[in-house]
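Report on the following structure.
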Amino acid sequence: MENMMYAEELVREFLVFRGFTNTLQSFEKELSTDIGKGFQVDKILDLIFSVYIPKFQAEKLVDLLSFFKQCFSSSETAHITVLLKLHVSILRYYIIYAIQSRRKDKVVEFFNAHGSNLLQNDQEWASWFGGPSSALLPSSLGFNCIIMLFLIFIWNLKIPAAIPYLKNPHLEPQFRMYFTKEWYNSLHLSDGDKFVSVELATPGKISSERLTVNHLKKDIKQLNLKLSELQALLEEKEAQLCHSRSNALLQEQVGIQATNSSSNFAAGHADQSINSPRVKLTMDLGEINRIQDQGGSIPAEAFYSSSRIDSHLGESERSHDLIASREADGEMHQDEDLPEVKVEFQETFLGHTSPISRCRFSVSGNNIASASVDGTVRIWTYDSSVSASRNATIYCGAEVLSLEWDCISDRLLLIGTADGGIKAWNVDAKRVVCDLNSNREFPSVLDIKCSPVEPIFVSASASRGHGTNYIDKLGFASLTVWNMRTWKAMTVLPLGKDPPAITSVCFNHNGKLLAAAATDGMIHMFDMSAGLQITGWPAHDSAISSVLFGSDETSIFSLGTDGKIFEWSLHNQGKVLWSRNCSRFCNLQNSFHYRHEMALDANGRRLLLTSNSVRAPIYQVRGCTTGMRTLPHSACITTVDWHPTLPIFLSGSADNSVRVTSVS
């Protein structure tokens, strides 16, 4: 019974996968009326003797019998022998029934379709084709059976005629017993017994397959455990490596200090041995002034000695400053040593005439949407094998601040602008299907995110503030949930009175949670089913410019305007799982026209960031290596994104270009 239920689940899974919904409904209906809850021999016999044979459906009959043979492996010889006898008996009854029904044309049609296979697999069929053995038949079984029968009659050989051409086949000794009622009754009884053996064997095969699947699951579980152990060992080795690097850095600092000490000792020794020009200068300042007043000249050696000593002191101070800088932030030094990423191919799109503000892959990865600060959005593809039918240019009339593809249909592109507009562009129809206007008090649509499971999206808008850089220009926040069927606002998520601007939002994998990052350094978490905030915590001492969920949905990443990245645990709130300081690349003081953002690859292991430099860092999340850096643009990198499934990333730049880069 348990095996049958397991098999039924497999059938349901297949029907759902193929989209056979009508068949699935019929299947569920028959299951609900099934009383025996097992292998129904009577129904199989009724299908054969009441449907397939009376209606001369030979192809379906042969397919059904062949299906039963496929239920067994070659090692199950006993069951295969039983099924072969069953196969032969039912096909012979089909021929007898056709002759009794005076449908000899169906017999000829059957021989024409399956005669070669029958003769090849069983010599006992030879007499049914007009000969006692295959030696009397043409050597090639591929000849048309009708031609074979025609030749038999033309040649008038002394061979018994084939059964369709016998005048009274029921009187022929070799066929007489097949026309008796006793044979038909015994056939019914024996078929029932043989199908019972199939009933006993089939659940056994299902059971063995299920056992195999369970063994494979156990193997996978053990392999996952081993993988976890190896990852833990790798992290331990990485910690040891970091410790070794710290020791090496400390030794380097000690060496510099020792060098400075020896230099100071040498300078002091020189002062004591010659009574020092530096001391003499200090004591004779009055004399120097007197000489200058009289219009005389000061010996050059005095200035030379003084400048040499000051230069030495300056070098010492700079050495100490370098040590302090390294002590304050060792990772910044490591960023300078990031190796260049290994590129398989790179394509550059030059369709914009102003700096790029956003670029995004579609859900399928086939299309790319890129926007520039002049309000132009371009839809294009980098792969020549993909149709260019969706390529388009959209003029929005205002700076584009956010782009988002519909996660469900992959046909809609949502565009948020700096004048409070939200446009929905249908890439197949090539037109704007909806043009929304958010609240005038919150004109900047900073971010848009679509739910992965429901036809809704959330827009993060902000009022206008006062300041010079991107963050300081933002005022208060508004989070609105929109319905993508009615294109109307559903609700406004609560943020309290005069909340700081929300710069970035993201959904988790099932759309039940929404994370929102604010300019006061807070991360807010919302329950989308209730429309309420459930938790939040201070993540940064500065504003947050980007936030996204980790690939395993157990953590969340945040990027602050101070250049710090944190991976936060969702199981243990406030716990940092991984962090990096990328202030060398993400400097708020240089970000006057854009905010920094980050993107995770499909595996959730490589984190790509925007950059004030012409190169962008790609950090290895909790990996054995620090990371890499991209090939250079000719200006700063303003937006990035990863392909949804492949190791390919986008980088948009202030040099008006967008690059598609495939990495190894």
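Think of each number as a place in line: the chain as shown, counted from 1.
The backbone N, Cα and C atoms fix where each Cβ goes, glycine too.
Looking at 213-240, 241-268, 437-464, the stretch flagged in TrEMBL as coiled coil turns out to be 213-240. Using a Cβ-Cβ cut-off under 8 Å and counting only residues 6 or more beyond its ends in the same chain, the repeat 'WD' (349-390) has close neighbours at 396-407, 410, 413, 415, 417, 425, 427-428, 430, 593-594, 635, 638-646, 648, 650-660. For the repeat 'WD' (630-664), same-chain residues at least 6 beyond its ends with a Cβ under 8 Å from one of its own Cβ atoms are 340-350, 352-361, 363-365, 368, 370, 372, 382, 590, 593-594, 597-602, 606, 608-618. As a summary of secondary structure, the domain 'Anaphase-promoting complex subunit 4-like WD40' (494-550) carries 0 helix, 32 strand, 25 coil according to DSSP. Across the domain 'Anaphase-promoting complex subunit 4-like WD40' (494-550), the model assigns an average pLDDT of 94. Secondary structure of the repeat 'WD' (630-664), assigned with DSSP and counted as helix (H, G, I), strand (E, B) and coil, comes to 0 helix, 18 strand, 17 coil.
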